[in-house]
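Shown next, in structure tokens, is the structure this report addresses.
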Amino acid sequence: MTALLLLHLIAGVLAPVLVRWWGRQAFLALALVPAASFVWTLLQLRTVLAGDDVRETVPWVPALDLDVALRLDALALTFAALVTGVGALVLVYCARYFSPEDEGTGRFAGSLTAFAGSMLGLVLADDVLLLYVFWELTTVFSFLLIGGSGRRLAARRAASQALVLTTAGGLAMLVGLIVIGQASGSFLLSEILADPGSGPAMVWGAVLVLAGAVTKSALVPFHFWLPAAMEAPTPVSAYLHAAAMVKAGVYLVARLAPAMADVPGWRPLVLGMGVATMLVGGYRALRQKDLKLLLAFGTVSQLGFLVTLVGAGSRELAAAGLVMTLAHALFKSTLFLTVGVVDHATGTRDLSRLSGLGRRLPLLAVTGTLAAASMAGLPPLLGFVGKEAAFTALLDGGLADRTAALAVLVGLVAGSVLTAAYTARFLWGAFARKPGVADTEVGHAPEPLFLAAPVLLSLTGLVLGPASPLLDGLVARYADTLPLLAPEVEHLALWHGWQPALALSALTVAGGAALFAVRGPVGRLQRRMAVGASADEGYWNVLQGVDRLSVAVTGTTQRGSLPAYLGTILVAVLALPGVLLLTRAPWPGQWRAWDTPVQAVVGIVVVTAGVLALRIRQRLSAVLVVGVTGYGIAVVFALQGAPDLALTQFLVETLTLVVFVLVLRKLPKDITERHRPRERAVRGVIAVAVGAFMAAAGAVALAARTGTPVSEGYPGPAYDYGGGKNVVNVTLVDIRAWDTLGEVSLLVVAATGVASLVFLRRRTGGVERAPRTRLAQAERGRRAPRDRWLAATATLDPARRSVVLEVVTRLLFHTIMVFSLYLLFSGHNEPGGGFAGGLVAGLALVLRYLAGGRYELGEAAPVAPGLLLGGGLLFAGGTGVVGLALGAGVLQTAILESTLPVLGDVKLVTSLFFDIGVYLIVVGLVLDVLRSLGAELDRQDDEEDPVELDPGEVVLR
Amino acid sequence: MIEVLAPLPVLLPLLGAAGALLASGHPTFQRTLSLVVLTAVLAVSVVLLLVADAEGAGAVSVGGWPVPLGIVLVVDRLSALMLVVASTVALGVLVFAVGQGAADGSEETPLSIFHPTFLVLVAGVSNAFLAGDLFNLYVGFEILLMASYVLLTLGGTAARIRGGITYVVVSLTSSLVFLAAIALVYAATGTVNMAQLAVRLGELPEGTQLLLQSMLLIAFGIKAAVFPLSAWLPDSYPTAPAPVTAVFAGLLTKVGVYAIIRTQTLLFPGGALDELLMWAALATMLVGILGAVAQSDLRRMLSFTLVSHIGYMVFGIALGTAAGLAGAVFYVAHHIAIQTTLFLVAGLVERQGGSTSVHRLGGLARRSPMLAVLFFVPAMNLAGIPPLSGFIGKLGLLQAGVAEGSVLAFTLVAGGVVTSLLTLLAVARVWTRAFWRPASQPPAEETAAAAAADATARRRPDDETGDATGEEGDGLADGRPRTALQDAWRRHTAVALAAEPGLPPAAGAVRALRPLPRTMVGATTALVALTVALTGLAGPLYGLADRASVDLIDRTPYITSVFGTEEVP
């Protein structure tokens, strides 16, 4: 069975190629696939009739009980034969339906073949979850087939409507199947049927599963997608929307009825919706002028009929239902195919424009009439057998509740009258000669191959009527799984003798004929009784409602305002941890305001600076005030006895200020943005509250500590194992070197990012050495200071030069550089380290740049920052890899001690290489920032190459 | 084995980045280097996964420092699985970006910046997955965030800077919350080693635990884009270059989800905040998907589905059962692949059609059947159509929800089903409007409003209600006078919908067909194939997710791998 399904899949994928090679003849090759499946299915008949199932299981996702578990029993065999048989014939029909120049035939062929495979899988699946898989696949292929090329609006709408509606039902069904599966302890249909669960879960499961069946089989109130789906090409209507896909709901109801029919709610729902659908469909069919729509509403009506029969949960009705399903598939696909031929031959399906076709296409007329007769329930066709069996069953007690049985019987008879009436309307509309309408021109006579499928299907319906006793064994295999309510089993036969059901059949035919005879007045009456709303409108209105809701929700939550987003985050902090802190957390027993009063002083300074930063309108001053908070923190670090941290914080703060100042050159002097007082008040409250929360949370967290902090274990190993006395530095380059590696790579990226934003197109500009010509020009300038202290200051505008600064820089630069190296190398034992050293070197570069301008920077560091960054990263990361390569752990430190001639005892700790990497990266970062935010912006100013970015463009909302 | 291999997914990309920086003038070398490095990372990750699955979790102490002094990297089933999925999509995106760079030159994605930054991003993601130390997890986040700031603003166009500012400021805020939370955790326990925290946090008073847990959840919730902390995402992601958005969408939010999984299972077992998470999951799913339904731009729509489906994963986590976690883990793996793929496809769509707005696109299915397949299959996967992996993940979560059986769990199940349906609606609309609808037909006809009007007209064929244009559907084609209220509403929603001020271009204004570079199509096809292959691999993959979640609930495999024993100091 898996092989058959795979065969369909492969054929579906290959179909577009085959169509390209062979044109529409490819359909004949594709038809072989379902045909082979049909033959295989029939070959299993003997086994199945003997009471054995054909099973096959391939594990798929065992953790979810989702396996490719297939089972062929009597019910599956009936549906499989129907699906594959009709499928093969429809594909043959397609070989003539499409003309060679039609576009998209390949895509269509692929979808149709794949659909046939999905449908086969659906009826074979034993795992309910697998059933859902195929169920949904048929939905998707139906979407593609209805939409076709997508050129027509109506087709697109119908396709998406069918997709959304049947998927909605399908999802409900999925949940229902899960509920049923968990309640029954198994997801295998065979096991659920053998031992269904009980309790309220089954009721929920039943209702949800029915939602799937009802939408798929187009029952009221979800019937409207089916007529709309008639936008699809006729073969699709014949196959999906008559024989196969819409039968999936019928199949599911039939499949579950043995286990679920007695679950409360099942019968009222199934019978109520079934009968209502039969009546509504028949009623609407009487109004249609398009032959296809007439058939579509007829299908809706018949689906209601079928679901009523198979869902009732008794042996006799189930048997009737199965026969009727078979009959319906045969006659309805024939009729659709007939309409397709008519459409093809005449170019219209409008029954008011067709006339006299019966004489021109006699074979087609006979075929259509045979099928129609089956639909109306005339002997000796299969439709008659099924309908008779249904009436008999209801009369003989096929429903335990007699009142319900009577109501259902009345409904079904009324529905059958409507069926007979629209059958007559169909035949009349398609083939009769109408007064006042000219005979329709027939473009070309249909080829024999085009007629083969409908003829074969209608003949099957004709043969199976008298031969219905042959079906009895198969039908009984399934029906016997349900309780028999009548006194004795009624076997299938064309002739049961004179009995009440026969009278009912006669009544329906007569009633139908009468209704057709008075079609004029009936039509006028129907028009007058037009209802206030249609289900179709309801669907689109619901969808419109979803659209409005989505716009409202999104418009309210997605404000595009950064302050709003930040506010949300902070309010969330207050609402969750804040509230938990107030209500649940244990407050510390004792409070200590400060360790030394100096902390309080620093605190006041920092807070004051923070408040000032909000009030000051001048950007530069605001930035400086922000800097004060940073220096304040550095002081706190120093007070706590952390000189390394204080040093680093101090250097970072300074560098940040420089960078700020460089950037501020490009920004307006003042902050002009104003906020409304209420906004400010709200923000103020949030800010203060978050600050207070953090302080309190810190106190609470500290008070809760019982364990020993890991840092207490650092000093000893830091010296013994890391070879350094400065625990902070050993932590940075050894104990937590992995963190540092991450942080320096972050710096590399930050530098790259700054450069990328300023240079935009390149990683960075080339190194700008001082141009000789400009130096020479400057030499001749009278007003320039005589002496050159720095390499490139001569290129500066004399007004911008400061001799004092130049001299100081000249004196200090190399000293600072040496100091930075000292910090780097001594860092392992004294305060310092690669990070601090790099920052100091960076400040030296800042000095050179400030004193001498952009060319001076190039002279001071004639190297591309990318090289420093890349080299540094290579150093830092390389120490990790080298360790690995030497068989040690990643980033593991080795201590090499030796005595050198001059220097005496030298202790080399390999983590120094790591620190060198850090140093290089920090220098590279500063250099990159200076070059992009300093030198490049200078260049843009000098060369009147303004930044393209208008600052106003980036205002925050 | 693990000792040698575990650091490599971080070290290799970092060294690759160094190499790429040093070779900044040699694009061919950069390309080759990046490809080699990411391929190696993928290979290493696969080996790690195999080892972790066969032998259980393993840990490496960086620098050989005794635990808990130094930093540990922990490879368990979950982190190894995440590594494999992440490195796979990273490689795919890199190939796509190389293709795009080769086709466009360096105008929109300057490759000399892209390569090192992208490699560092991968290193950050890997580090976050491997971190066995809360502060190192923070470092991992910072690496990937810093790289993402750069990537998001590549090329520096106004839209990217604007989106970038939102992204950077929100991310910094989330980092601040995370860092503060770490400080509080250290203050309370004196350690940041996660295995040790697993024990020490449990010894704290319950209220303090809740305080710390909720702080961490908020920090990760922002990164994972959980409602109401999610609004930043759709405002910033769609503006970046296609490969960047793709990798962000696939990986970055999932790192947040990963962190939530770790926090909820390892550090704070017992599910004290599960109910709250359930509500957050529900709101994330529904608000996110409604946002997607409202969008007409493919990329924005995808960004909203991204948010929405984060809700699925949070749902699985919040259930707190092994089944729920397994569903969440599987869904993470699926969603990384699918969301990346779809954003790459969106990049192809933009190239082919000159826009990602469905109003401006049209007739793509006929113009490029290949592109149609490349969109349709993953789109259906996103919508959870079986037998694709999205369905399997959804099925796992629904089963776990039904098994939980509480009213709240069933509410979530219902919410999940509605989300699934609306996702289908959203992607089907893109399909019908951009792929099926010929560009010559007006997009206004496609709205539900127009269809409803037509349905009314059909029901009353005699009436004169031929007006089939939308009432207010998307503010496109109606010449009727508007009320002040309607105008105010339009202004209110304009930002959220990224509404275009003017009418869509008339027929024929669609840009001429640009050929799709083979490398880009190849990379996208490979990822689409991967997402399809997940269907066949679902059995082993789900089994792995199942085992991973059992480990997570058990906690001892993780703790033992770090300390060697169950005794923790």
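Backbone N, Cα and C define each Cβ position, glycine as well.
The annotation compositional bias 'Low complexity' is assigned in TrEMBL to B:442-455.
Here TrEMBL flags B:464-475 as compositional bias 'Acidic residues'.
Per TrEMBL, domain 'NADH:quinone oxidoreductase/Mrp antiporter transmembrane' is recorded for B:131-421.
According to TrEMBL, the region 'Disordered' annotation covers B:442-480.
When Cβ-Cβ distances below 8 Å are used as the criterion, the transmembrane segment (B:33-51) is approached by residues 1-2, 5-6, 8-9, 12-13, 15-16, 19-20, 23, 58, 75, 77, 80-81, 83-84, 86-88, 90-91, 94-95, 98, 115, 118-119, 122, 126, 544 of the same chain, each at least six residues removed from its ends. Marked as transmembrane segment by TrEMBL: B:33-51 (among others).
Annotation comment: TrEMBL describes B:58-75 (among others) as transmembrane segment. Within the same chain, residues 2-3, 6-7, 48, 51-52, 130-133, 136, 191, 193-196, 558, 561-563, 569 sit at least 6 positions outside the transmembrane segment (B:58-75) and bring their C-beta atoms closer than 8 Å to a C-beta of that stretch.
Taken from TrEMBL, the feature transmembrane segment applies to B:137-155 (among others).
What TrEMBL lists as transmembrane segment is B:167-190 (among others).
Look at TrEMBL and you will find B:210-233 (among others) tagged as transmembrane segment.
Sequence annotations record features per position, and here TrEMBL assigns transmembrane segment to B:240-261 (among others).
The transmembrane segment feature in TrEMBL is assigned to B:276-294 (among others). Same-chain residues lying 6+ beyond the ends of the transmembrane segment (B:276-294) with a Cβ under 8 Å from its Cβ atoms: 217, 221, 225-228, 230, 234, 264, 301-302, 304-312, 314-315, 317-319, 408-409, 411-412, 415-416, 418-419, 422-423, 425-426, 429, 493, 496-497.
Feature annotation from TrEMBL assigns transmembrane segment to B:301-322 (among others).
As annotated by TrEMBL, transmembrane segment applies to B:328-349 (among others). Same-chain residues lying 6 or more positions outside the transmembrane segment (B:328-349) and placing a CB less than 8 Å from one of its CB atoms are 78, 81-82, 85-86, 88-89, 92-93, 96, 100, 241-243, 245-247, 249-251, 254, 257-258, 261, 298-299, 302, 305-306, 309, 312-317, 356, 361, 364, 371, 374-375, 378-379, 381-382, 389-390, 392-394, 396-397, 434, 516, 520-521, 523-524, 527-528, 530-531, 534, 538, 541-542, 545, 548-549.
Sequence-distant contacts of the transmembrane segment (B:370-388), counting only residues of its own chain at least 6 positions beyond either end whose CB sits under 8 Å from a CB of the stretch, comprise 305, 309, 334, 338-339, 341-342, 345, 348-349, 352, 364, 394, 420, 423-424, 427-428, 430-431, 435, 516, 521, 524-525, 528, 531-532, 534-535. Annotation source TrEMBL lists transmembrane segment at B:370-388 (among others).
Residues or ranges marked as transmembrane segment in TrEMBL: B:408-431 (among others).
With a cut-off of 8 Å between Cβ atoms, the residues of this chain six or more beyond the transmembrane segment (B:521-542) that come close are 88-89, 92-93, 95-96, 99, 326, 330, 333-334, 337-338, 340-341, 344-345, 348, 370, 374, 377-378, 381, 387-389, 392, 396. According to TrEMBL, the feature transmembrane segment maps to B:521-542 (among others).
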Cβ pairs under 8 Å between the transmembrane segment (B:137-155) and the transmembrane segment (B:240-261), at least three: yes
Range from B:167-190, B:210-233, B:240-261 with the greatest count of C-beta pairs under 8 A to the transmembrane segment (B:301-322): B:210-233
Residues of the compositional bias 'Low complexity' (B:442-455) by DSSP state, where helix covers H, G and I: 12 helix, 0 strand, 2 coil
Close approaches to the transmembrane segment (B:240-261) from elsewhere in its chain (Cβ under 8 angstroms; 6 or more beyond its ends): 78-79, 82, 86, 89-90, 93-94, 96-97, 100, 108-109, 118, 121, 125, 128-129, 137, 140-141, 144, 148, 151-152, 154-155, 160, 163, 216-217, 220-225, 233, 299, 302-303, 306, 310, 313-314, 317, 325, 328-329, 332, 335-337, 339-344, 346-348, 350, 552
